[in-house]
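Peer 1: The structure follows.
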Ligand code: P6P
């Protein structure tokens, strides 16, 4: 059996994970179990989100996270749920979370894996019922099992990811992930409590005519980005910016398009975080035939130096990302 195993739409996530694991005779099942643990937490968070308007879980939590951003109650709930699921699952020794200043040791010193996670991205949109998402990366530890994970385990380049994915809590809830052999999307049926394969082998169009960027910061964009935005306008492209990374990314992945969060006056290194936003989506988009750079370097080749470091993100259809890089390159040459 090879990994080109084509499973029919409607296959459950559990069966899909099992059948894909069978394609790898040496697989021991820990990564499969870890993916199930993430799916379980996603189901629980989905339930909390769907009840947000009914329970007192919307609005601000009253504290700020390491980013200095006001935590929303559901940010904190999602963080607790994912950490608990990963700790109880036993496969993960250490976690990096957007909501936690330092790395979290789960106590699973035999765990083979590290997870970097943004438990609930775009959570400021919760109160206005806009789609939000969870983003995760999975790495194999480089240190010996039998002790807590190390900072070296955590600060690995994106090319060392063994899996990555996101959950989008939108008009329907979907989990989209890759283990390096293509990208597959699963839609959640809450009446059955199951994710079902709905988007097998996702491939992203090589180009598109949708661009996602916050033009409110236009005046402080790098010159090359300004030129690209003007190119989009002259080309009659559609501007689509939801203000929720996972929602913008998911639309562009399926339909073609580009998402740009460049360096701005307010975010001189960009706003998005390398470890638990950019790397995960970069892995997915590359597996789907797209591209992700910081404008000058492939995102997944960037060597992390800090847990919560930010970087500019240009991600989506290859031809569109290439165009932005052309403008940025000519800026450098002219400069
Ligand atoms: P801005 C949400 O806070 C987020 O991290 C992404 O989900 C979203 O794309 C971006 O920030 C929005 O940032 O500065 O345009 O409001």
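Every residue gets a Cβ built from N, Cα and C, even glycine.
Caution: TrEMBL annotation is automatic and unverified by curators.
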Peer 1: Given TrEMBL annotates 121, 122, 123, 124, 241, 271 as substrate-binding, which of 79, 88, 201, 214 belongs to that site as well?
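Peer 2: Answer, per TrEMBL (substrate site with 121, 122, 123, 124, 241, 271), from 79, 88, 201, 214: 214.
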Peer 1: Of the residues 98, 99, 144, only one is listed by TrEMBL in the Mg(2+) 1 site with 118, 120. Which is it?
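Peer 2: TrEMBL names 98 for this Mg(2+) 1 site.
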Peer 1: Report the candidate from 223, 234, 277 that shares the Mg(2+) 2 site with 118, 121, as recorded in TrEMBL.
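Peer 2: Given 118, 121 bind Mg(2+) 2 in TrEMBL, the matching entry from 223, 234, 277 is 277.
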Peer 1: Tell me the Cβ contacts of residue 277 (Mg(2+) 2 binding site) under 8 Å, same chain only and six or more apart in sequence, or just say none.
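Peer 2: Residues satisfying the criterion: 98, 118, 121, 135, 245, 313.
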Peer 1: What is the one among the binding-site residues 123, 124, 214 whose Cβ has the most other Cβ atoms less than or equal to 10 Å away?
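Peer 2: Per the Cβ count, the most surrounded site is 123.
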Peer 1: Looking only at 118, 120, 241, 271, the binding-site residues on record, which one has the least crowded Cβ, with the fewest other Cβ atoms within 10 Å?
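Peer 2: Comparing Cβ neighbour counts within 10 Å for the binding-site residues 118, 120, 241, 271 gives 241.
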Peer 1: Counting across all protein chains present, how many other Cβ atoms fall within 10 Å of the Cβ of residue 122 (substrate binding site)?
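Peer 2: So the Cβ neighbour count for residue 122 (substrate binding site) comes to 22.
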